[in-house]
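Engineer: Sharing a structure with you now.
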Amino acid sequence: MGNRVTRQDFEWVYTEQPHTQRRREILAKYPEIKTLMGPDPHLKWIVSGMVFVQFLACYLVKDLSWKWIFFWAYAFGGCINHSLTLAIHDISHNVAFGNKQAKWNRWFAVFANLPVGVPYSASFKKYHIDHHRYLGGDSLDVDIPTDFEGWFFCTPLRKLLWLFLQPLFYSLRPLYVNPKAITQMEIFNALVQFSVDLIIYYLWGLKPIIYLIAGTILCMGLHPISGHFIAEHYMFLKGYETYSYYGPLNWLTFNVGYHMEHHDFPSIPGCRLPMVKKIAAEYYDNLPHHQSWIRVLWDFVFDDTIGPYSRVKRLCKLAKES
């Protein structure tokens, strides 16, 4: 069962998040980085292709046995669905159609959501703004685990279970930590999602629906790609609250591994984040970063000094809504 982790509380800090100052310094020294901001013209076509691949897969798996349904859900479909959730992450920053066509981004995110099987995109957008604006903010950043999660999931076996159940905590935590009123876009997201689910069920039966939803749950839980959830902000070294990963899985995840760069410049699409690192290399090359998401998951489970409590927390004042 292992020993309890030594950490008994979050790492409380009383400074602003590091990304604000670093962004100012980099833009002052390298103003050309502003040219990287703006929409990615290829994103909508890549995402559309992924959605249609999953619809084709729904047809192909409809007559498979259940063991193969779950195998392909984990090995193939879930990888696409997890990648689509990261495309939705990019789209939430308006990089599909640009800031001037914000509604098009919201509607396209609903389309990208379809293979995920459950409505996700509108709620994600609503809370992800706070994750950037109030990084680590107590009761504001719902990416931070609850005290219960930190207290209970404190042994290797429990941490392994926590990783497996991560999609459940990720979706339910906002309702407890920072509940917000349901928006019209969330209702639209749900209506479109469940309508398409019903159409798939009518055409091809239950197995394609299970293939989509099981893939989403399995690959956002205990899966190599889901290592990014831990790698991004869990404090593996004291004093550092955001980490990048520059390995090959970025090819499947819209460069979400370039996470320090993303928090420094949220309006730059994932495809251009490597350019940020290249231009401002002296700001990133000497910062700690991860080499492997699988190693991140291994260390999270078996290192007694790391657990759900390994997050930086701060008190943030609410910003005035524009």
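Backbone N, Cα and C define each Cβ position, glycine as well.
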Engineer: Could you check which of 107-124, 161-178 is flagged in TrEMBL as transmembrane segment?
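Structural biologist: That would be 107-124, per the transmembrane segment entry in TrEMBL.
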Engineer: Within the same chain, where does the transmembrane segment (210-231) have neighbours whose Cβ lies under 8 angstroms from its own Cβ atoms, ignoring anything closer than 6 residues to its ends? I mean 6 or more beyond.
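Structural biologist: 54, 57-58, 61, 69-70, 72-74, 76-83, 85, 115-118, 160, 163-167, 170, 200, 243, 245, 249, 252-253, 256-257, 259, 290, 292-294, 296-297, 300.
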Engineer: Cβ under 8 Å to the transmembrane segment (187-204), counting only same-chain residues 6 or more beyond its ends: which ones?
Structural biologist: 55, 58-59, 62, 110, 113-114, 116-123, 212
Engineer: Going by DSSP assignments with H, G and I as helix and E and B as strand, what are the residue counts for the domain 'Sphingolipid delta4-desaturase N-terminal' (5-43)?
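Structural biologist: Once the DSSP states are binned, the domain 'Sphingolipid delta4-desaturase N-terminal' (5-43) shows 19 helix, 2 strand, 18 coil.
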